[in-house]
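Some features that Swiss-Prot has for this protein:
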type	residues	note
TRANSMEM	10-30	transmembrane segment
TRANSMEM	56-76	transmembrane segment
TRANSMEM	92-112	transmembrane segment
TRANSMEM	120-140	transmembrane segment
TRANSMEM	171-191	transmembrane segment
TRANSMEM	199-219	transmembrane segment
TRANSMEM	233-253	transmembrane segment
Amino acid sequence: MLTYPQIDPVALAIGPLKIHWYGLMYLIGIGGAWLLASRRMKRFDPTWTKERLSDLVFWVACGVILGGRLGYVLFYNLDEYIANPTLIFEVWKGGMSFHGGLLGVMLAVWWFGKRHGKSFFQLMDFIAPLVPIGLGAGRIGNFINSELWGKVSDVPWAMVFPNGGPLPRHPSQLYQFALEGVALFVILWLFTRKPRPTASVSGLFVLCYGIFRFVVEFVRVPDAQLGYLAWGWLTMGQVLCVPMVLAGIALMVWAYRRDAAQPKAA
């Protein structure tokens, strides 16, 4: 059994103002994505400037935060937030949905593309390899918050979490960091080293994330207010990942078939 590192969720307190690690992880993720995007920007479009890139990152970040929070409210805990709507604004306590954040990003990208003459999938293919940076940072934030831990386990790396009871559990946040953050980043980075058909990068991202999240959900404790939705093992996260996997496969097939059907330059 490993010892859980006792980390104060508050990174910095200035009088009554408290800066939480969870929020800092979002800033780190957004900042890291911007730095990587600035390196890849000219390859995406030589006419782009840092100002246009910053504009894109800003709207995508808004989509992540607003979509992620509203997605959690709608998918995971609607009754509680209807009873006490002010809880929606307490984001430092956690409660973000990746699937809601993805929908928020899609809306932001669609709107941005309309303004700047880029197709939806051109922008999504550019953004997709950047997303694992934010996902990985977010999972570290979950770990510091001692939330979203896994089931009771006797594996050598199990941990006793401060608010997870006296028994050691799977550190499922770290599993998700390794898969959604590190592995997904490497897969997409290697895949995009060569030119790919439009929408194929987006398809690979959606497919891999759906698979990784579906697998980790087997050892992660579901949200208490929802529990298991069917057969004693199917969680809300898994329900939301099934259409992602199907959509990812469909997108990749469509992208490559569309590319093959286009006439090639002599």
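Even glycines carry a Cβ here, placed using N, Cα and C.
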*Do at least three CB pairs under 8 A connect the transmembrane segment (10-30) and the transmembrane segment (120-140), leaving out pairs fewer than 6 apart in sequence?*
yes
*Stretch of maximal Cβ-Cβ contact with the transmembrane segment (199-219) [cut-off: under 8 Å; candidates 10-30, 56-76, 233-253]*: 233-253
*In the same chain, who gets a Cβ under 8 Å from the transmembrane segment (171-191) while lying at least 6 residues past its ends?*
2, 128-129, 131-133, 135-137, 139-140, 142-143, 147-150, 157-159, 201, 204-205, 208-209, 212-213, 215-216, 219-221
